[in-house]
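Features as listed in Swiss-Prot:
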BINDING   Lys46, Gly53, Arg54, Gly55, Glu99, Thr102, Glu107  ATP binding site
BINDING   Asn199, Asp213  Mg(2+) binding site
BINDING   Asn264, Gly321, Ile322, Val323  substrate binding site
DOMAIN    9-244  domain 'ATP-grasp'
Amino acid sequence: MNLHEYQAKSLFAEYGLPVSEGFACDTAQEAVEAAGHIGGDMWVVKCQVHAGGRGKAGGVKVTSSKDEIRAFAENWLGKNLVTYQTDAKGQPVAKILVESCTDIANELYLGAVVDRSTRRVVFMASTEGGVDIETVAEHTPELIHTAIIDPLTGPQAYQARDLGFKLGLNPTQMKQFTKIFMGLANMFNDHDFALLEINPLVITTEGNLHCLDGKIGIDGNALFRQPKIKAMHDPSQDDAREAHAAKFELNYVALDGNVGCMVNGAGLAMGTMDIVNLHGGKPANFLDVGGGATKERVAEAFKIILSDSNVKAVLVNIFGGIVRCDMIAEGIIGAVKEVGVKVPVVVRLEGTNAELGREVLAKSGLDIIAATSLTDAAEQVVKAAEGK
């Protein structure tokens, strides 16, 4: 689960981190009133969506009048913002963040992730702030400095000082950086973060550190013990099909191809997508129905897959380990009849009662193509999607 920038900054403020005074507004009038409350003669207005690249897409603007703020809010509220991190539809803008302006002398980067290789929370800092950290990692990895947090001892001030020296901070800034580092590390642990970024962490013209942006990703598996964070969830930013699938405990991710995929097991699902690509096809989705693939869940999975108008054929790839393939076959038949599937369906069954499952499909009288292997399944579904 992701948080909006204004939500991230509210958490930063709770931990004593320096952030701009700002207000998240639902209407243009609220945005104008927020500017009056903040004071000054320049403000920054930002569209609140779960995506980066807002500035390049016109979703961030420095304004010098309340008329500009009103025009910006009226232009964006209720519309979708398309960036390089969204799909072609973009993300809906329901709130505008109005903030005071900050005079910037230098931009830094500070972030943290759960690193699977070290099995630790790892902080990353760089002098190359304001740009994608992935670009820095690819071209100048030596400019990224790290600190690994030991879960037994927690964050240590010396780690902050070490990063601060590498960033070239002066003694006053070092104290500020240490406070920011310790606050973020404690926040990361307290609220079960999966990702945290301040990009940029700026040095103002007065020489102080300031959190100019904020990005937070939460470990979804920990939301049961984070009621406050869970309440911050904005369902408007979720893909509607993915949200619907989650209600039926289906793991679905929409893609941009034309071959629908229904598989039991995440690893097998990724392998299925790979082999479809290998044979010239493009998967329309990732969908893992899990170990308990009942008729009801299979039917719902078909509905979700076919809600994508780009889908021209469906590949069902099931390995019968926990579940029997003959039961899965009956579920597929029932689902196809219930949903009224109009596109070709290719089914590959392996494992417990696989042969019996194929017989059930063959006797169904439905236009279901039974594949003999994974390679055969991929070849058949790609041909079917191409209308061959």
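For all residues, glycine too, the Cβ spot is worked out from N, Cα and C.
Between the alpha carbons (Cα) of Glu99 (ATP binding site) and Asp213 (Mg(2+) binding site) lies a span of roughly 11 Å.
Considering only the binding-site residues Glu99, Glu107, Asp213, the Cβ with the fewest other Cβ atoms within 10 Å is that of Glu107. Secondary structure at Asn199 (Mg(2+) binding site), as computed by DSSP, is strand. With Thr102 (ATP binding site) as the anchor, the candidate binding-site residues are Asn199, Asp213, Gly321, Val323, and the one with the nearest CA is Asp213. If you compare every pair of Cα atoms in Asn264, Gly321, Ile322, Val323, the residues listed for substrate, the longest distance is 10 angstrom.
Of all the binding-site residues in the list Gly53, Gly55, Glu107, Asp213, the shortest Cα-Cα distance to Ile322 (substrate binding site) is found for Gly53. Considering only the binding-site residues Asn199, Asn264, Gly321, Val323, Arg54 (ATP binding site) has Asn199 as its nearest partner by CA-CA distance. Distance noted between the C-alpha atoms of Asn199 (Mg(2+) binding site) and Glu107 (ATP binding site) is 8 Å.
Here the candidates are the binding-site residues Asn264, Gly321, Val323, and by Cα distance the one nearest Gly55 (ATP binding site) turns out to be Asn264. Maximum C-alpha to C-alpha distance over the listed ATP-binding residues Lys46, Gly53, Arg54, Gly55, Glu99, Thr102, Glu107 is 20 Å.
Put simply, of the binding-site residues Lys46, Gly53, Glu107, Asp213, the one whose Cα is nearest the Cα of Gly321 (substrate binding site) is Gly53.
Ranked by Cα separation from Val323 (substrate binding site), the binding-site residues Lys46, Gly53, Glu107, Asp213 are led by Gly53. When the alpha carbons of Asp213 (Mg(2+) binding site) and Lys46 (ATP binding site) are compared, the span between them is 10 angstrom.
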